[in-house]
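Taking it in order: structure first as structure tokens, then the write-up.
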Amino acid sequence: MTLLPLAVRSLWNRRATAGLTILSIAISVALLLSVRQFSEQARSAFASTISGTDLIVGARSGDINLLLYSVFHLGSATNNVSWPFYERLAKHRQVAWAIPLSLGDSHRGFRVLGTNDDYYRHYRFGDDRKIEFAAGRAPADLYDAVIGAEVARTLGYKAGEQIVIAHGAGSTSFAEHADKPFTVVGVIAPTGTPIDRTVHVSLAAIQAIHLDWQSGMPAPKGQRVSAQDARQQDLTPDSVTAILIGLKSKIDTFQIQRSINEYRGEPLLAILPGVTLQNLWSIVGNVEVALLAVGLLVTAAGLVCLLVAILASLNERRREMAILRSVGARPAHIFALLVSEAVGVAALGMLVGVLCTYLALAIARPLVQHTYGLLLQWPAWSLTDLAILCGFLTAATLAGAIPAWQAYRRSLADGLTIRL
Amino acid sequence: MIELNDVRFSWSGGEPLLAIASLQVARGERVFMHGPSGSGKSTLLGLLGGVLEPQRGSVRIDGFELSAVKRSLRDRFRAEHIGFIFQMFNLIPYLSVLDNVALPARFSEQRRKRAADISGSLYDEARRLLAAVGLDPTVYADRQATQLSQGQQQRVAAARALFGRPQLIIADEPTSSLDADTRERFITLLSSECRASEATLIFVSHDASLRSQFDRQIALADINSAARLETAA
């Protein structure tokens, strides 16, 4: 191969232009690969928001709606599940555990979740990870609260902090349960799930702060129940917002789901979290497609850059082509020389792009893990990525063939005449 | 060595540009070909180099019928047997002087072999030729082509044309960018090197004052009857 050293030296001679072209290709390839990695990891992080739970039960509404408010703490329930039903379910012979969830209040924009000890014992997310405490412990007293990692970071809370819960889910609520303050007793280690943005209290606490409330308003002064008096009252709730269920045998899942959905006592809905997560992703996933489209367009722009750089150099290289022809280069040599230059630039750009993707990830990894508790994986190159890279190289070859063909035609027409 | 018979050439069916009834150049002959610009010099060189194909007649070089074979064979023949020197900017800017001289070896097996036979290796032969054209290889071999003066570049081009001993050297106005003094020296150098390597030399110029240094001179107007055909028609 006598042309390769020529191509290399020719590129080196135009290293400023070639370098910039390589850079633009590297950027576009890195963007495309990063978008791919991002959406792959977002998808898997999304899918691992909740695991180990076989069924989610709530009042009858849409299955995505139920998933959104019970797991992602987004939106609100239209109705509740009665306490007696929860008790029946918890004692059911096929049910291993049932976690009651009570939502509706908030603390400075973060949702407050009322639940019981089963939550800390049985709730799973990601790859069968359970809730762990970065500091403190699970709530024991009525007015104990446990906060997620992001709550702790954003509001600067530590164990021992006194907090007041606001009625409703808004970030600026004027109706506060100021008479019954809570003490932060624990901070949950980052999970990368909505848990990080949640304040956890006991079910009884939710009941206690609402004892003297009537239709969403605090009672008039004389009828109020003090924090101490509340302890003496029966704090069994009337209802819960949703129930997470773990079954003793996964085989029973569909049977239990059906019998809950057909339950005549109250209108209920049981969903399989995995299936509904997938349905939800198919909606959210459009963003993924859009991002990928943007990535592909940017990559196409990178190729156009390559094409422009070579086409622009053709005129000034006309003389060079004639010299090569005169010493015996055939038009096919000229064609091969230009194509190999294009492919060389594209391949180098691609290599730098892949390295940039790793570099970006290496920089982002500790930041993301610290901030979101999300452990970014090193790129697991799939066949799709490989296909993308191969496709890119093919496209670069084709793009390089355009100016090469032009030079080929021209060198036939010009012959040995050197045109200025 | 060169034999043209009844050659006609025109660009894509236009008026005939070149019509040569007969042209013979003997082996080792050094011919000065003279003609004003537009008289068909470049076309004739294109035909001799096998880049252009005549519509009629035959072009034979060293017994090889150029006009009868495919383009790729003509390309190969040019690579093996002909050394070119152009008016100016003869060198590949991104190659060193030495690589420029040895460039024909990349495309011609015969010239590579011959060069190696003469001096032992390609680069030794390139250095020898550089020295022969008056450029000290220890000084100039590794320079970039663009760092040389016009006169030096033309001498490197001559060294390249001679590399691997092609039978025919075609020089197309190689001295028109040089001053009078360098011009004389360049022609003397080229002639003696051609003689040394027993190459036939076709030297084309519009400057008739250079003819004295050659074995023979041909005025293109005398052998090209295209202009006369045109007026006759």
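Even glycines carry a Cβ here, placed using N, Cα and C.
Residues 291-292, 294-296, 298-299, 301-303, 305-306, 309, 313, 345-346, 348-350, 352-354, 356-357, 360-361, 379, 385, 388-389, 392, 396 of the same chain lie 6 or more positions beyond the ends of the transmembrane segment (A:16-35) yet place their CB under 8 Å from a CB of it. Feature annotation from TrEMBL assigns transmembrane segment to A:16-35 (among others).
The domain 'MacB-like periplasmic core' annotation in TrEMBL covers A:19-262.
Residues 43, 46-47, 49-50, 53-61, 63-64, 66-68, 71, 79, 81, 85, 245, 253, 256-257, 260-261 of the same chain lie 6 or more positions beyond the ends of the transmembrane segment (A:267-284) yet place their CB under 8 Å from a CB of it. The transmembrane segment annotation in TrEMBL covers A:267-284 (among others).
The transmembrane segment feature in TrEMBL is assigned to A:290-314 (among others). The list of residues near the transmembrane segment (A:290-314) in space but at least 6 beyond its ends in sequence, with Cβ under 8 angstroms from a Cβ of it, reads 14, 17-18, 20-21, 24-25, 27-29, 31-32, 34-36, 38-39, 338, 341-342, 345-346, 349, 392, 395-396, 399-400, 402-403, 406-407, 410.
Across the domain 'ABC3 transporter permease C-terminal' (A:294-411), the prediction's mean pLDDT works out to 85. Look at TrEMBL and you will find A:294-411 tagged as domain 'ABC3 transporter permease C-terminal'.
Sequence annotations record features per position, and here TrEMBL assigns transmembrane segment to A:335-361 (among others).
Annotated transmembrane segment per TrEMBL: A:381-402 (among others), in sequence order. Below 8 angstroms of C-beta separation, residues 25, 29, 32-33, 36, 40, 299, 303-304, 306-307, 310-311, 335, 338-339, 341-343, 345-347, 350, 354 of the same chain, each at least six residues beyond the ends of the transmembrane segment (A:381-402), sit close to that stretch.
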